[in-house]
Amino acid sequence: AAGRRWGRRQRVLLWGVLLAAWEAAWGQLRYSVPEEMPKGSFVGDAARDLGLQLPELRDRGIRVVSQGRTQYFSLHGKTGHLVTAEKIDRENLEELCGESSSCSVSFEALVHNPLNVFHVEVSIEDVNDNSPTFSKAALELEIGEWTLPGSRFPLEMARDADVGSNSQLTYQLTSSPSFSLAMKERQGGKKQPELVLERALDREKQSSFELVLTATDGGDPFRSGTIQIRVNVTDANDNPPVFSKRVYEARVAENLPVGSLVFRVRATDADAGSYGRVSYSFGNVPKGVRELFTVDRESGEVKTGGLLDFEERTKYSFELEAMDGGGLTDHCEVLIDVTDENDNTPEITILSASSLVPEDAPVGTVVALLNVNDPDSDENGQVTCELSGEAPLSIVASSGGSYKVVTASALDREQAAEYRVTVVARDRGSPALSSRTELVLEVSDVNDNAPVFEEAAYSAYVRENNAAGALVVRVSARDADAGANGLVSYWVAGGSAGAAPLVSVEARSGAVYAQRSFDYEQCREFALTLRAQDGGAPARSSTATLRVFVLDENDNAPRVLWPAPAAGAGPAAAAEPPAFEVVPRSAEAGYLVAKVVAVDADAGRNAWLSYELVQASEPALFRVGLHSGEVRTARAVSDRDAAKQRLVALVKDHGQPALSATATLHVVLAESLQEALPELSERPPGADAAAELHFYLVLALALLSALLVLSVALAVLARLRRA
């Protein structure tokens, strides 16, 4: 028998595995497993049926999420096998199976990276693990000796908790010439055993009979149960009680107050006195019926003894027994349907939620997986889900009461780094019930923004003669990304010819420093290209231009071009004739004598020149233009004026402080060049001193030569004398 049972379990598992492989492509898996399998028993290779290899299984991860409080199955993390989490007794799963011939457990299998959900349904196959049982160990019947042969007496029906063929019962009665067993067909296909009187009874010959009724189920191997029947032969009670109906049906709402009347049964007995007095009680009833219902022994009123819950059980079927004072009985069947009330709010379970979603996640990315369950039925259990709140998310219904929260549009962390939405589940009952739960979605940063300079073009002004290392300007670029993606560094990417070595930029702060001192007269401006780059991978960058303008400082004195200054100091310079101008003695006031020409290498006010006469032989005879540098006569030349005039002009710029230079101009007052030559041939002042100096130099040189000759002669004479 044990071998046959194990072979049947193997066939069930084989068919379950084949069915799972066929339906995996449709987003759901189906398996079958017999009940009473020990904990850890193999149900199916879920990983293989989902197309997952073992390395991929370790990387992605898979787990089971059950809807109810009890988890009957689990997934082996290393093999991906679906196994039983505990020993399953089908008869104890009343909330899932009840008395239905089919029983299944549904749950979700979650696969991560990317997130996906598969509906798994495991059918629990019944095993013949329950024997038929009677509510009593013994039954006593009283039959009058005048009862005619062929009379029938209803017997108690046995109850088998199994389903299908395992609960189909047959009855056998121990052999007796006075009694036989007959079966009466009842509503729903059930068979009521009845004791049939085969021949007349004689109390004086035999006052009682001991019989055994055996109930056998249709399982393989079969199971059986027995009840002892004692028949007492009487001489008065010849009519058994009879119910007014063979089947009583009622519909009651769940949550009915305790003590509420469900219905009333009635049985009559044609006898008089105590034999005609009928009492009511439960027959062979399933477990839990006596806690939920009561029957009044006298009135036959059936009332609620506990709170009915549609979600726990929707139908109740049991027997009531009517017994008269003489021990004769009758049985009726009671069918109670519990109607649903909208007394359960939808339950929202977050099966999986991504705490961080990258902002470049494509539209339709699953960010959360929910399961919504309403234990109510029909419209009371039909649930709709929606999202409340401003977020680029939508909710999509999946299989088995599951919902996916997916991205409805592109995410942008720079606009919103976090989204908070409320999932609202509402049933269709009247009035409708709803529940809420909040989802928090954080958007992780992706390097999708390049640094942006605060200005596209920068201008900086630096005075010349600056110190090396002086700050020129500080640039700044902003990157909207976060972390390393928003960390900006700077460098010089290029520029005009020779500009790169002039400055350097600090990588982190963006401060631009001068590498050396600038000279306005050599370089007045230069341009650079600065680059800002973030720390992302791959990195993003942008550029900005920097124009540096060198500001002039008054560091150059005016330089006189004419009259040309002396080339140097010394006798040679003193011997050179100075520049001169010839002015006729007939010159009137305003006569242009000469023009002092000077330049200044500086710019702006630093190069604005002004002229003034600081020294003259006849101060009243000449004047110089303030801005033009033209030397003119201030009055008419007279005969009293000296023939030779010396003028010194001061050339000064407008810098702070001002710098200056002087120009010396010699003027000869003569009508013609021939008249001026005698004046020019005269030795200039200091010529005698120069000649005298020249004489002494020649004399010293001669004395030194004579002394050298004398020394040589003395040395020769001394050598000759010694020889």
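Here the Cβ of each residue, glycine as well, is placed from N, Cα and C on the backbone.
Taken verbatim from TrEMBL:
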- 72-134: domain 'Cadherin' (DOMAIN)
- 135-243: domain 'Cadherin' (DOMAIN)
- 244-348: domain 'Cadherin' (DOMAIN)
- 357-453: domain 'Cadherin' (DOMAIN)
- 454-560: domain 'Cadherin' (DOMAIN)
- 575-680: domain 'Cadherin' (DOMAIN)
- 1-27: signal peptide (SIGNAL)
- 693-718: transmembrane segment (TRANSMEM)
Given the model, what does the mean pLDDT over the domain 'Cadherin' (575-680) come out as?
85
At a Cβ cut-off of 8 Å, and with pairs 6 or more apart in sequence only, do we get at least 3 pairs between the domain 'Cadherin' (357-453) and the domain 'Cadherin' (72-134), yes or no?
yes
Which residue counts does DSSP yield for the domain 'Cadherin' (72-134) in the helix, strand and coil classes, in that order?
3 helix, 26 strand, 34 coil
Determine how many residues of the domain 'Cadherin' (244-348) DSSP places in helix, in strand and in coil.
8 helix, 46 strand, 51 coil
